[in-house]
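Peer 1: Structure below; questions to follow.
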Amino acid sequence: MQQKKNGLILLMMIIVMTIATACGNSSSEEANASNTDSQEATKLTFAAREGEMADAIKAVVPKYEEETGVEVEVVSMPFDQLKESVVLDIRNNGGAYDLTMIDDPYMPEFGEGDLLVKLDEYFPNGLDEDFLTQAVNLGKHPYESGELIALPLFGNVQLFYYRTDLLEKHNLDVPATWDDVVNIAETVVENEDNIYGYAVRGQRGNPIVSDYMPLFWAYGGTVLDENNQPQVNSEAGIKAMETYLKLKGLSPKGVESFNTDQIATSLTQGQVAMVIAWPSWVSQVDNEESSKVVGKVDLSAVPSQVSDSSAMIGNWMLGIPKSSQNVEPAVEFMKWITSPEIQKEMALDGGGAPTRISVYQDEELNEVYRHYPAQLEALQNSVARPRTPLWSQIEDTWGLYLSQILSGQLEVEEGLVKANEEIAKIMSK
Amino acid sequence: MQRTNKMTYIFLIPTIIVFLVLTVYPLLYVITASFFSMNYLQGTEWKFVGFQGYQELFQDSLFWVAFKNTIIFVVIAVSLEVFFGLMFAILFQKNFKGSAIIRSIVLLPMLLPPITVALTWKMMYEYDYGIINYFLTLVGLPAIEWLSSADWALFSIVITDVWQWTPFAFLIILASLQTIPKDLYESAAVNGASGFQAFRYITLPLLKPVILLVLFLRTIDTFQIFDKMYVLTGGGPGNATETLTFYIYRQGFRYFETGYATAATLVVVIIIVILSIGYIKSVYKSAYSR
């Protein structure tokens, strides 16, 4: 009886151990297999930013699959989750993603952490000159001078959108400064029913920082001085925030939680007269199916104040995680998706922000997107956000205090002083 | 006898392994990591810093704001959930026409995934297009900035949490309520006790252990609330809805400051353990004094 029981236990243990070891083996065998013959039925997994950009990618991918037989799975994720998942996967050597989109301010962080495959050996002569220099620089680590670690995929740049019909109606000029913007917004609010003068993108974190920074720059502010010390509570910072609060007062209720969707909707639904937006998510202003303001919206560079306006570049880059088991096929796909033909196709599918000059000059595209010349000019004069691997912490902290000021929890100066202290702590870590 | 003992231990092996791998190992890892400084994204070396992480944590005003928000949230949400759960239980204890159907409907919110709940409420809370403000303005009340006002945001999330978890309190309290012998109430009635007196001197004392249990379970769960903040407000506006778990999330998964985040995690674990011991003691006490 006892022997029988002992035998049973032994059997169970053997089963458990076999299962455990079998699992361990099979995964490493798989990894080996994909290393040795990557030609056979390669599958690439592409981590993409959810929304119009991922949709544009999904629209062109079947073509690639047909041409090459390589299967490409596009996994679309929201902004925060994209970075989290990709970083965790690379650090844990998971190999779940072969390609990933990265927002350009995070490039120094990815470069410093050595998370991406270096691409110089695959592009021995650099990228061709058709790519915008400003965009290519973002993909190098260190910025501008270093080795290539990512390709520019979507050439976003901040632009200023305004309603031409409202300006004409009230005999107003296109705003050149932020004072003009405030004046126009006041006129609109006074004279129009159910149209607001402006809409700030006030959600805490990345959204409010991206939305406030062009004002900060226009008032002459710099985030980090030459000694890498934060200067967000400078005179410029305070004045910019005061203007920003005025604009909030001329915005719809609830802008404290506005993000891309709400900005795009308020513009296309004719609810606001002016906004700062990024072309890749407002490509639909002239689409009759979804827009009530077809032909009524024009765009320009972001207004200036004491300094000339600087268009903020915010490209989405395409890199290969170091943990990828399919580096070479991924490089091939990269070359393909950044080629002029495919960039044009994606632009037509709604991901309206190419990174090649020739695509911006394409006649067919210029008929669909009349803002392309302005967008190209803005890109060529664009400025990048501070290049530091600590940017995500700075941005999150700064954005927290900006949001507190916007929602009235803190006074302007009080909030900015605190933000500066906290950012100084981050820099001294 | 001895053989049975041996067998007991052998059959416990799988559970013990699972416990070691999933509970003991991560806990030891967190305790160790909390004394080091390490950025997971940058892949920096583990640097021993002793209690420096904890020191920074206690000096960080944002941590205390998160702490305060968590406590406020837990106290309000849990007491409302238990209160409404108790009221519903008493209401539905008597069988009336259609009570079975309504009872099942009341349970539905609990069965939904929290993310779905949060997304749905986010639409309802929308200032311009949301259904709640629509009805408020319809009856002449002012529209409320549910999620974008620093004064309202935390309370709006409390409402959502109460809506979802009151059924849980209801279910458990109802089950216990039905075990109270009917003759207690009958003899009380014979002795001339009013309805309220019967509630106060029969129902409530007999329900005390189960109410404490519900309080305990909901406190632990609510203390770790994350999904609703993440979807509804992202911790904003400002830090009006930043809770401890959200704070840890930012440190751990946005900045990847693993060492610091584990220190914060451990502090939360300690708070929960202290709360649990208190609750468990009082649950036992009230159960045995019965």
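Numbers run from 1 along the shown chain.
Backbone N, Cα and C atoms are what each Cβ position is placed from, and that goes for glycine too.
Just so it is clear, the model here is predicted, and its values are computed rather than measured.
Quick paste of what TrEMBL says about this protein:
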{"type": "DOMAIN", "residues": "B:67-279", "note": "domain 'ABC transmembrane type-1'"}
{"type": "TRANSMEM", "residues": "B:7-31", "note": "transmembrane segment"}
{"type": "TRANSMEM", "residues": "B:71-92", "note": "transmembrane segment"}
{"type": "TRANSMEM", "residues": "B:104-125", "note": "transmembrane segment"}
{"type": "TRANSMEM", "residues": "B:131-147", "note": "transmembrane segment"}
{"type": "TRANSMEM", "residues": "B:154-178", "note": "transmembrane segment"}
{"type": "TRANSMEM", "residues": "B:198-217", "note": "transmembrane segment"}
{"type": "TRANSMEM", "residues": "B:229-249", "note": "transmembrane segment"}
{"type": "TRANSMEM", "residues": "B:261-280", "note": "transmembrane segment"}
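Could you tell me the structural context for the features on the list?
Peer 2: Outside the transmembrane segment (B:154-178), and at least 6 residues removed from its termini, the chain residues within Cβ reach (under 8 Å) are 69, 72-73, 76-77, 80-82, 84-86, 88-90, 92-93, 103, 106-110, 112, 114, 117-118, 121, 125, 146-147, 203, 206-207, 210-211, 213-214, 217-218, 221-222, 225, 228-229, 232-233, 240-241.
Within the chain, the transmembrane segment (B:229-249) has long-range Cβ neighbours (under 8 A, six or more residues past its boundaries) at 62-63, 65-67, 69-70, 73, 115, 118-119, 121-122, 125, 147-151, 153-154, 156-157, 160, 223, 261, 264-265, 268.
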Peer 1: Looking only at residues six or more beyond either end of the transmembrane segment (B:131-147), which have a C-beta under 8 A from one in the stretch?
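Peer 2: Here the qualifying positions are 122-125, 153, 156, 232-233.
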Peer 1: Quickly jot the same-chain residues contacting the transmembrane segment (B:7-31) by Cβ under 8 Å, restricted to those at least six beyond its ends, or write none.
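Peer 2: Result: 262, 265-266, 269.
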Peer 1: Please report, as numbers and ranges, the same-chain residues at least 6 past the borders of the transmembrane segment (B:198-217) whose CB is under 8 Å from any CB of it.
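Peer 2: For the transmembrane segment (B:198-217), the list is 78, 81-82, 85-86, 90, 168-169, 172-173, 175-177, 180, 184-185, 188-189, 276, 279-280, 282-283, 286-287, 290.
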